[in-house]
Amino acid sequence: MVTSTGTLPSLLLGTLLTFTSGALGANPGLVVRITDQGLEYVAQEELLALQSKLHKVTLPDFNGDVRIKHFGSVDYRFHSLNIQSCKLLGSALKLLPNQGLHFSISDSFIQVTGDWKVRKRILRLDGSFDVKVKGITISVNLLLDSEPSGRPKVAVSSCSSHIRDVEVHISGDLGWLLNLFHNQIESRFRRVLESKICEIIEDSVTSELQPYLQTLPVTTEIDHLAGLDYSLMGAPQATAQMLDVMFKGEIFSRDDRFPVAFLAPVMNLPEEHSRMVYFAISDYAFNTASLVYHKAGFLNFTITDDVIPPDSSIRQNTKSFRAFVPRIARLYPNTNLELQGAVISAPCLNFSPGNLSTAAQMEIEAFVLLPNSVKEPVFRLSVATNVSAMLTFNTSKITGFLEPGKIQVELKESKVGRFNVELLEALLNYYLLNNFYPKVNDKLAEGFPLPLLRKIQLYDPILQIHKDFLFLGTNVRYLRV
């Protein structure tokens, strides 16, 4: 009878219905799918939440009159109505194709107590009453749409209620007399309650749920460099079996948001129904993240002597590099070296069935550090490597880990003559494995956050890798505490 912004459907709608318009292309970077199983769980939780909320509902007073033989017309008023107990025995939340959601409650019971007053000219009488309302049935259709601002709009498109039976017992002075006309009073009580049920529901959606949805953010912070845009690209798509909600799913720079030059791919989602909720995350989300961190210089690195282990026989100076570049020690005796590396372009993560991979192309330039603090370039290298990736799906985010392949080094330019590329490959492999990749993996371990609100917990996760996207399935638990 009453919805509340604290109940699971409100939280679920808040998670799913966060609209903005104007994305590049028509394809989302993230899709959330709710199955029948998920909707059944929502209906069960809503029933428990409503049962708790009903005890706090203020029912309206109502009045009327009855004609009593020898007394004439008697005006009565029922007030101070309180719900003493309620049993909501059945509920269902179903999809309305191309519209939204249908929520129903059936075969429910409420017991109400309160006070009554009777007025007949100078006659003033009062007492208490007890009402048992049986066989309550409520049917509500929710229309899901969007505002011009891009945020969600939820409205009650239809509402109906029916009460099978009302039993009124009146006590107090002349209560026995009013009980003689309980049929009239019960009929009046039924009509008032049936009209108020839908009024309360519509008011709750309009004054509580809709304003709540308007306050929902459409972006979230990942770290000081990046944020996630999980605004929706259109109205949720309801079919008879599932509800698909399309998010933009773009990682953006928090300092300087720039347009992305590529589009999200089409995701052909499998027909899976064993979990309550599924998340389909395209390579668009991960590759926009790669753009952000590449542009911020996060993938750049510098190798100096202080990052070489103290017990290493190879130091970052011209004496040690004599094995790679024989002339360098003669041209710059006892001089420290610095290697500056940068990934040429943002690595692109490739999804294929059961496999994740990427390729990185780096450029490394070496400088000798002269006594006057001048850095003089001496050689330039091109470095290529293939990397496999592993992903883990936990209760709130996706984390990653890179497993690097062997690097390939090519000499692009040398100002110090002949070069032993193979030996330098071994040195660079050591550094990348022990410094560069651990830094990247630490960042990947922080994870890609899923668009969840507080009190929503995921469990029994599964992860599948398909062409161009990840497909994650999970069950949902609403935490009451």
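A Cβ is built for glycine as well, from the same backbone N, Cα and C atoms used for every other residue.
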Candidate in Cys86, Cys198 joined to Cys159 through a disulfide, as Swiss-Prot lists it: Cys198
Residue among the glycosylation sites Asn355, Asn394 whose Cβ has the most other Cβ atoms within 10 Å: Asn394
Minimum Cα separation from Asn386 (N-linked glycosylation site), reported as the residue among recorded positions Cys159, Cys198, Asn355, Asn394 that achieves it: Asn355
Proximal residue to Cys159 (disulfide bond) among glycosylation sites Asn300, Asn355, Asn394 (C-alpha distance): Asn394
When distances run from the Cα of Asn300 (N-linked glycosylation site) to each of the recorded positions Cys198, Asn355, Asn394, the nearest one: Asn355
Cβ neighbours within the same chain of Cys198 (disulfide bond) - under 8 Å, at least six residues apart: Ile138, Val140, Val156, Cys159, Ser160, Ser161
Cβ neighbour count within 10 Å of Asn386 (N-linked glycosylation site): 13
